[in-house]
Amino acid sequence: MSRRVRQRVEDNGKYKVDSPSYTVIGVEDLAPKVQQYVNWTSLPYDTVFHLFTRLNYRDRASLASTCRTWRSLGASSFLWSSLDLRAHKFDLSMAASLATRCVDLQKIRFRGVDSADAIIHLKARSLLEISGDYCRKITDATLSMIAARHEALESLQLGPDFCERITSDAIRVIAFCCPKLKKLRVSGMRDVSSEAIESLAKHCPQLSDLGFLDCLNINEEALGKVVSLRYLSVAGTSNIKWKVALENWEKLPKLIGLDVSRTTIDHIAVSRLLKSSQSLKVLCALNCPYLEEDKSYSSNRFKGKVLLAVFTDTFDELASIFADNSKKPKNIFSYWRDLIRKDKSIDEIMLWIEWIISHTLLRIAESSNSQGLNDFWLNQGATLLLSLMQSAQEDVQERAATGLATFIVVDDENASIDCGRAEAVMRDGGIRLLLELAKSWREGLQSEAAKAIANLSVNAKVAKAVAEEGGISVLADLAKSMNRLVAEEAAGGLWNLSVGEEHKNAIAQAGGVNALVDLIFRWPHGCDGVLERAAGALANLAADDKCSMEVARAGGVHALVMLARNCKYEGAQEQAARALANLAAHGDSNGNNAAVGQEAGALEALVQLTQSPHEGVKQEAAGALWNLAFDDKNRESIAAFGGVEALVALAKSSSNASTGLQERVAGALWGLSVSEANSIAIGHEGGIPPLIALVRSEAEDVHETAAGALWNLSFNPGNALRIVEEGGVVALVQLCSSSVSKMARFMAALALAYMFDGRMDEYAMIGTSLESTSKSVTLNGARTMALDQIKAFIKTFMEHQIFSTGALSSAPSMLAQVSERARIPEAGHLRCSGSEIGRFVTMLRNPCLVLRACAAFALLQFTIPESRHAMHHASLMQNAGEARGLRSAAAAASMPREAKIFMKIVLRNLEHQQAESPEGMKVSYNRI
C-alpha cells in the first residue's frame, strides 16, 4: 500500500501540438434508404467561435485542422486575446509560430525563465497584462526587455515564488517604459529602493494597485509618495519600520485597502492606521503574531473600517462593506457575486480582497507554523478557501485550490494529512466543488483541483465521498489529458484512491488502468512526476487479482518494465518495481508472474535495481524478485542474471536498513533457495551469516522470513554445517522459543529438523580425524539443543485433556478440536513441492522420535482444509502413493503419541481432499 500527497512544486511542462485531420460526418435525416451528410462548414461563425472558446489550445489546433474554413476561424485574433502558457514548453520556436496569431494579444500567463525570454518574440505590442510564476531565475535584463517591448502594459504580476534576481533597477525600467501601468505585484525581492518606488510615482500616474510581497526590505517613506495608490500589499515583507510606515502611509489620499499580513505589525500600529487614515476601508492583517498576542484587542470601535485577522470573522467583517448588511449572509462572497445591481467601487474592493486573501492563505498553508492555526483553519480558513474557489478570477481560483491541497497536509513525505481539516472541506461541500472545477476547460484549474482531490483522498472518508460523487471517472478522464500537469495530478489522485480496496475495480471500469499505462508510454522521459504517480497507482491496482489482469491486458507489464529499465528517477523506479512485485504476487491464480519474467529485460533490470543507492528502490526490487522466484523459470533466470550474488550482497549490507528491506531481501533469498543449485550458491556466496543476523531481528516479519530462508538452505548438508558453525543453531533455538510469531517458531523448528535429520553427520566427518572429532562434539551439543527445542515447540500446541482424549478416539469432533488447537493459520500460505512433501514423509521413519513428531506436525499444517494450498498438498501425496506409508507410520508402535494423533488428522484431511491441483511451486511466501 502506498500513497502520496503533494504541495506546490516547481515544474516546467512540455508542449506538443498534435494536429490530426478528422473527417467529420454527421447524419442530418434518417429517411428510408436516404442518408444526407451535414456540411459542417456551413455552421454559423458565432457557433464555431463558441466551440473554439471552450477548448484548450491543443484542441483548438486539432479542431482547426478539420477544414480550411475552420483553420481560418481558428486563427482569428478573437480567440487569441489571452494565452496561458504555463503548462507548455514555450520557447523561441513556439513564440515564432504563434506570433502571427498574437497581434492583438492582451493577456498572457507564463511559467519560468525560458518562457519569459520568449515573450518578446510574440511581438504582441498591445499586451496589457502579464502574469508569471516560478520566476526565481528571471533577471533584470529579461524583465527590462519585456517592459521595453510592451509600453501599453497595465498589469504585471510575478510570484508567488521569490523573484530573487530582480532588483530595483528593473523596477525603475518598468516605471519608465510602462507609463500606463495600473497594477504591479512582485514577490520576494531583496530590496526595493526609494529610487525605484519614486520612479513608479513619477512615471506611472495611474498606478493604483501595488504589491511588494515577501520582500526583505522596502523603503517605507517612498511608498508614501505614490499618491495614486488605492491598494497596497506588503504581506510577508520583513524589516518594516512601522513608525516610518505609519507616518507616510496614513497620508495616502486614495488608499482604500492595505495588506500587512504575515508581518510584525502590532495592535498599536493597527489602531493608528484605522484611526488616522481617512480613506482606508480594509486592513488585512492575517497571521501577524504581535497583533494576535493581545487577546483583548477589538476593532469594533473603528466604525466603517474592516479588519481581517485570525481572531476576527472575515465574513462578518466584509458584510459591513455593503450598505444593507442587516441580514449578514453566511457567505458574503456568494452574496456579492449574486447581486443583480453591481456597485463598481465595491466590486473593485472585493476583487482585491479575494486576491490578497487567496495569496495569504496559500502562504500560511505552506508555512511551518500552519499547524498552530488549526482553529482558524477549522473555523473559517477552509470555508474561505472554498468560497475563493468560486471566484471569477482564475488565478484566485487556482491559488485557493492549491491552498486547499496544501493546508490539509501534515507530512508530505509520509503521506499524512490532517483528518479534521479534510473532513471540514468535505462537510462544506468541497468535494463537489472541486470536481466541478476539475471539469473546467481551463487546464490550470483542472490541475490544481485534481491536486486537491488527490491530497484529500488520503483520508478514507473523503476518498469514499470522492468516489460517490463520481470523482473516479473525472480523474480517469483527466489522466488522459495531453497537458502533462493535469495528467500528473490526476494520476496522483488515482494513486491515492487506489489504496482503498473498494475503489480498485471502479478505477478499472472507468478506464483508469488504460489511462495510467498510456501515461508511461506518452511521457517516458523527463516527466518524473507523471511516471512515479502512474506507476504508483498501477502498483496499488496490481495488488488486486482482477485489476492485475487488467493491468497486464493494457500493456502494463511492458510499460513498467520499460520504466524499470530506462528511467533514472528513483521515485519512478521504486513504484515500477513495486508494481511488478504486485503483478507477480498472485501465484497461480493468473499468469502475470510468468508474464513478467518473460518480458525482455525485466529480471535483469530488477537485479540491477537491487544495487541502487536508494533504499526504497532496493526494497521494492527485492520484493519483486521474491515474488517472481515462485516460478521455476524465473528462479533460474534470476540466478543467471546475477541475482544470487546481488541479493547476498544486499543482505550483507542491510544490517542497519529498514525492516521492509530486510524482510524482502530475506524473502528473495528464500524464494531462490528452493532450487538446490541456488541454495548451494547462496551458501558459497556467504549468504548464511546475514540471514542468521536477520533471524535475530526483533521485527517479526524479518525474523520470520529469514527463518524461512534458512529452512530451505538447511536441507543442503553443507549449508546446514555452515549454519551450525556461524552460530545459527543458537539463533534458531532462541527464535523458536521466544518469537511472538507462531509461523517464525514453526519455520525455525523445521530448519532445525532438517539440519539434524542425520544427513549432515556424514558431511561433517570429512577432514582429519582431529577435525572430525571436534566437529562431532560440536554437533552433538547443537543437536541436543535443537531437538529439545523442537520437542518443546510441539508441546505448546498440545493441550493435555484434548490430546489424552484424542489418543483414544478417532471421532471427527475430537480430531477437529486437536486440529484447531494445533493449527498455525499463516502456514496455509506455504506451498510445497512434491519433493518437499516427500522429505517430511521420509522423516516419519527417522530413528529420532522428536523428528517424527515434527514431520507429522508439519504435514498436518499443510493439509488442513482451510489452508490455501491444502488440496495441492493432498494431491501430491495421493499421486505419490504416500497414503499407505502414512497409515503404516500412524500405526507403528514406536510412533510417539502426539505424532499418531497428528497422522490421524492428516489421513482424515486426505480423505476430504480431491486430487485436482497440478504440481506447483516450491516452498516460499507470497506477498503483496
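Each position is counted from 1, following the chain as shown.
In case you wondered, yes, glycine gets a Cβ from its N, Cα and C as well.
The annotation motif 'Nuclear localization signal' is assigned in Swiss-Prot to 3-8.
The domain 'F-box' annotation in Swiss-Prot covers 37-83. Here the domain 'F-box' (37-83) returns a mean pLDDT of 77 for the predicted model.
Taken from Swiss-Prot, the feature repeat 'ARM 1' applies to 147-186. Residues in the repeat 'ARM 1' (147-186) partition by DSSP class (helix H, G, I; strand E, B; coil) as 13 helix, 8 strand, 19 coil.
The repeat 'ARM 2' (237-278): residue composition by secondary structure is 18 helix, 3 strand, 21 coil, according to DSSP. Here Swiss-Prot flags 237-278 as repeat 'ARM 2'.
Listed as Cβ neighbours of the repeat 'ARM 3' (303-341) (distance under 8 Å, sequence separation of 6 or more from its ends, same chain) are residues 270, 274, 280-288, 291-292, 295, 297, 347, 349-350, 353-354, 357, 373, 376, 380, 383-384, 387-388, 390-392. Per Swiss-Prot, repeat 'ARM 3' is recorded for 303-341.
Per Swiss-Prot, the feature repeat 'ARM 4' maps to 370-409.
Tertiary proximity for the repeat 'ARM 5' (419-458) is limited to same-chain residues at least six positions away from its ends with a CB under 8 Å from its CB atoms, namely 3-6, 54-56, 84, 86-87, 109, 374, 377-378, 382-383, 385-386, 389-390, 394, 397-398, 401-402, 404-409, 465-466, 469-471, 474-475, 478, 481, 483, 485-486, 488-490, 492-493, 495-497. Positions annotated as repeat 'ARM 5' by Swiss-Prot: 419-458.
Swiss-Prot lists 460-499 with the feature repeat 'ARM 6'.
Here the repeat 'ARM 7' (501-543) has long-range neighbours at 1-4, 9, 11, 14, 463-464, 467, 472-473, 475-477, 479-480, 484, 487-488, 491-492, 494-495, 550-551, 554-556, 559-560, 562-563, 566-567, 569, 571-572, 574-576, 578-579, 581-583, 585, 592, 928, meaning same-chain residues at least 6 beyond its ends whose C-beta is under 8 angstroms from one of its own. Annotated repeat 'ARM 7' per Swiss-Prot: 501-543, in sequence order.
Long-range Cβ contacts of the repeat 'ARM 8' (545-585) within its own chain (Cβ-Cβ under 8 Å, at least 6 residues beyond either end) map to 2, 504-505, 507-508, 513-514, 516-517, 520-521, 524-525, 528, 531-533, 535-536, 538-539, 591-593, 595-597, 599-602, 605-606, 609, 612, 614, 616-617, 619-621, 623-624, 626-628, 630, 926-928. According to Swiss-Prot, the feature repeat 'ARM 8' maps to 545-585.
As annotated by Swiss-Prot, repeat 'ARM 10' applies to 632-674.
Residues or ranges marked as repeat 'ARM 11' by Swiss-Prot: 676-715.
For the repeat 'ARM 12' (717-757), the residues of the chain that approach it from at least six positions outside its boundaries are 679-680, 682-683, 688-689, 692, 695-696, 700, 703-704, 707-708, 710-711, 763-764, 775, 778-779, 782-783, 785-787, 789-790, 792-794, 824, 826-827, 839, 843, 846, 848, 851, 854-855, 858, 861, judged by C-beta separation under 8 angstroms. The repeat 'ARM 12' annotation in Swiss-Prot covers 717-757.
For the repeat 'ARM 13' (824-864), the DSSP counts in helix, strand and coil order read 30 helix, 0 strand, 11 coil. As annotated by Swiss-Prot, repeat 'ARM 13' applies to 824-864.
Here the repeat 'ARM 5' (419-458) is broken down by DSSP into helix, strand and coil counts: 32 helix, 0 strand, 8 coil. Sequence-distant contacts of the repeat 'ARM 2' (237-278) (same chain, at least 6 residues past either end, Cβ-Cβ under 8 Å): 208, 211-218, 220-221, 223-231, 284-291, 293-294, 297, 299, 302, 305, 307, 349, 352-353, 356, 360, 363-364. Nonlocal intrachain contacts for the repeat 'ARM 10' (632-674), taken as residues 6+ away from its ends with a CB within less than 8 angstroms of a stretch CB, comprise 593-594, 596-597, 603-604, 606-608, 610-611, 615, 618-620, 622-623, 625-626, 681-682, 685-687, 689-691, 693-694, 697, 699, 701-702, 705-706, 708-709, 712-713, 833, 921-925, 927. The repeat 'ARM 8' (545-585): residue composition by secondary structure is 36 helix, 0 strand, 5 coil, according to DSSP.
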